[in-house]
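Single-structure report; data block below.
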Amino acid sequence: MILSQLLNYVAVLFFCVSRASSLDTFIAAVYEHAVILPNATLVPVSPEEALAVMNRNLDLLEGAVTSASKQFNCFLKGHTHSSFQGDSSTRVAQGAHIIVTPEDGIYGFNFTRESIYPYLEDIPDPQVNWIPCNNPDRFGRTPVQQRLSCLAKDNSIYIVANIGDKKSCNASDPQCPPDGRYQYNTDVVFDSKGKLVARYHKQNLFLNEDQFNAPKEPEVVTFNTTFGKFGIFTCFDILFHDPAVTLVRDSRVDTILFPTAWMNVLPHLSAIEFHSAWAMGMKVNFLASNLHYPLKKMTGSGIYAPDSPRVFHYDMKTEEGKLLLAQLDSHPHPTPVVNWTSYASGVEAHSMGNQEFTGTVFFDEFTFLELKEIGGNYTVCQRDLCCHLSYKMSEKRSDEVYALGAFDGLHTVEGSYYLQICTLLKCKTTDLHTCGDSVETASTRFEMFSLSGTFGTQYVFPEVLLSEIQLAPGEFQVSSDGRLFSLKPTSGPVLTVTLFGRLYEKDNAPNALSDLTTQALRYL
Ligand SMILES: *[C@@H]1O[C@H](CO)[C@@H](O)[C@H](O)[C@H]1NC(C)=O
Ligand SMILES: *[C@@H]1O[C@H](CO)[C@@H](O)[C@H](O)[C@H]1NC(C)=O
Ligand SMILES: *[C@@H]1O[C@H](CO)[C@@H](O)[C@H](O)[C@H]1NC(C)=O
Ligand SMILES: *[C@@H]1O[C@H](CO)[C@@H](O)[C@H](O)[C@H]1NC(C)=O
Ligand SMILES: *[C@@H]1O[C@H](CO)[C@@H](O)[C@H](O)[C@H]1NC(C)=O
Ligand SMILES: *[C@@H]1O[C@H](CO)[C@@H](O)[C@H](O)[C@H]1NC(C)=O
């Protein structure tokens with residue numbers, strides 16, 4: 001009796017202690033930063049000039065970090081404090097637990113291999129256990145790492161930033177570049193004590209990013225916190241298997257950190273649309289921080305949970321940066337596995353007598369059907385993919401045309417990646433030749449939609465984008481049999497409802513080569 005009481009007591013004590021050391025929820029911050037670009041990016045400047053520009057950007061990032069770390073009390077108004085009881089009271093004074101800042105947010109872009117060099121620092125492997133703020137001279141000249149570390153330490157917040165790493169090499173390494181060094185596009189994370197806890201070298205460099213080298217092997221970088229396990233990758237990496245999918249599937253991270261310099265491409269690859277879809281498709285939290293540079297169509301940041309976006313920002317009109325904060329579950333609740341072919345493979349085809357036509361979406365040739373009625377059931381197929389749509393519009397306008405499209409093929413422009421896509425989209429004009437062109441506004445709301453396809457992959461990202469580039473949080477869901485369906489009439493007119501599937505294993509398939517050649521020739 002006494003023993004069992006004692007055991008109970010120990011169990012309760014253990015429970016309280018373990019609760020105190022981990023958090024059920026946390027506050028995330030992302031900062032869309034209006035980057036200050038150097039005047040000269042094509043000729044090398046002195047290290048002092050380079051640092052002067054970086055410090056101007058760091059001044060702005062410092063403002064965001066300070067503000068994020070203090071916004072907690074005001075942010076929590078109207079919310080309960082219950083989920084934070086497990087932690088010490090210092091947490092309440094501390095504010096956001098982690099803040100993500102964008103790719104290229106400290107030195108900008110448009111460099112050559114030589115002109116980026118004065119901006120680079122040697123970034124050590126985090127295993128060296130280094131707090132640059134306390135020990136600034138340990139690894140040579142590292143003023144940017146020192147400043148980020150002190151910023152994290154002084155504000156007791158995890159900081160995620162993107163900077164450049166340099167590593168010298170020599171003839172003992174046959175792949176060593178002629179100038180005797182590797183240069184890497186690098187994400188760094190400093191914990192709330194200022195310690196360097198993660199370093200990630202971008203794997204999938206974008207077109208013209210030839211100032212940097214890709215690492216020889218993809219780096220799968222994770223770290224643990226009291227508010228979940230984190231993984232990190234950068235911008236274009238999101239379209240590929242390694243390390244992005246590996247981090248979620250094998251390392252089982254709870255939250256992805258995503259610095260990016262993302263140029264919006266409609267209808268399927270605008271930042272907020274695609275990043276929120278990836279969070280939902282992969283069932284992870286996703287913290288996306290984009291540069292703010294409307295001239296290059298760079299805007300769109302957000303904090304996305306697997307079930308729905310928590311907060312997002314899209315602004316092509318002003319020159320201002322923007323800080324976003326939201327609460328997330330430290331360990332997102334597991335949701336049922338989706339079989340992306342289950343529903344569609346059992347549906348009968350309906351064409352309602354409509355004539356198919358082809359249209360180009362970001363250089364890919366889709367097969368389309370026009371949605372001529374106010375509602376109905378349609379099927380359109382291309383190669384192995386058949387897409388089914390049930391829908392009802394609020395009204396059938398004569399000045400607007402929508403189409404259902406299917407694409408099953410290798411995309412070859414600005415990167416090579418195999419896609420299977422089912423999409424409902426608004427055509428730019430009532431001329432069917434414009435179906436697939438970029439369009440930002442619409443007038444037609446939908447009473448309901450349900451979209452599915454016979455996908456040959458488990459990697460399908462569900463997108464819903466409304467007029468003027470807005471997301472539709474809480475308005476749709478994915479069922480375990482692979483339908484993307486509305487829960488209520490859309491809150492705004494619809495630009496697109498899309499299932500964006502990736503067949504990673506076909507990216508380099510030999511039989512894809514002929515496609516690649518013909519398509520490349522066509523678009524040369
Ligand atoms: C670029 O040059 C202008 C004019 O000389 C100056 O006002 C501005 O501060 C410079 N910008 C940077 C980032 O050095
Ligand atoms: C980038 O460099 C090119 C020259 O290569 C120049 O024409 C362009 O204006 C630069 N863009 C920015 C944003 O500085
Ligand atoms: C060449 O690089 C290797 C590996 O970094 C290093 O161990 C070696 O000392 C270098 N050799 C010379 C001659 O610098
Ligand atoms: C991270 O936490 C998980 C679960 O608590 C544990 O299994 C893993 O070993 C930890 N990893 C590190 C690097 O501490
Ligand atoms: C998904 O559903 C299809 C059709 O019902 C079925 O043939 C297939 O085995 C299912 N796949 C998995 C992985 O359960
Ligand atoms: C479309 O399909 C749904 C469910 O399969 C059915 O209830 C509905 O009657 C169909 N509508 C039309 C216009 O065929």
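Glycine too: its Cβ is placed from the backbone N, Cα and C atoms.
All TrEMBL annotations are machine predictions without curation.
So that you can see what the record holds, here are the features copied from TrEMBL:
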SIGNAL    1-22  signal peptide
DOMAIN    31-330  domain 'CN hydrolase'
ACT_SITE  Glu103  active site, proton acceptor
ACT_SITE  Lys202  active site, proton donor
ACT_SITE  Cys235  active site, nucleophile
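Mean per-residue pLDDT, taken over the domain 'CN hydrolase' (31-330), amounts to 93. Cβ neighbour count for Cys235 (active site, nucleophile): 26 (other Cβ atoms within 10 Å of its Cβ, all protein chains included). Taking the Cα atom of each, Lys202 (active site, proton donor) and the residue listed as 'active site, nucleophile' are about 9 angstrom apart. On a Cα basis, the residue listed as 'active site, nucleophile' lies 8 Å away from Glu103 (active site, proton acceptor). Look at Cys235 (active site, nucleophile): DSSP puts it in a helix. Residue density at Glu103 (active site, proton acceptor): 27 other Cβ atoms are found within 10 A of its Cβ, drawing on all protein chains shown.
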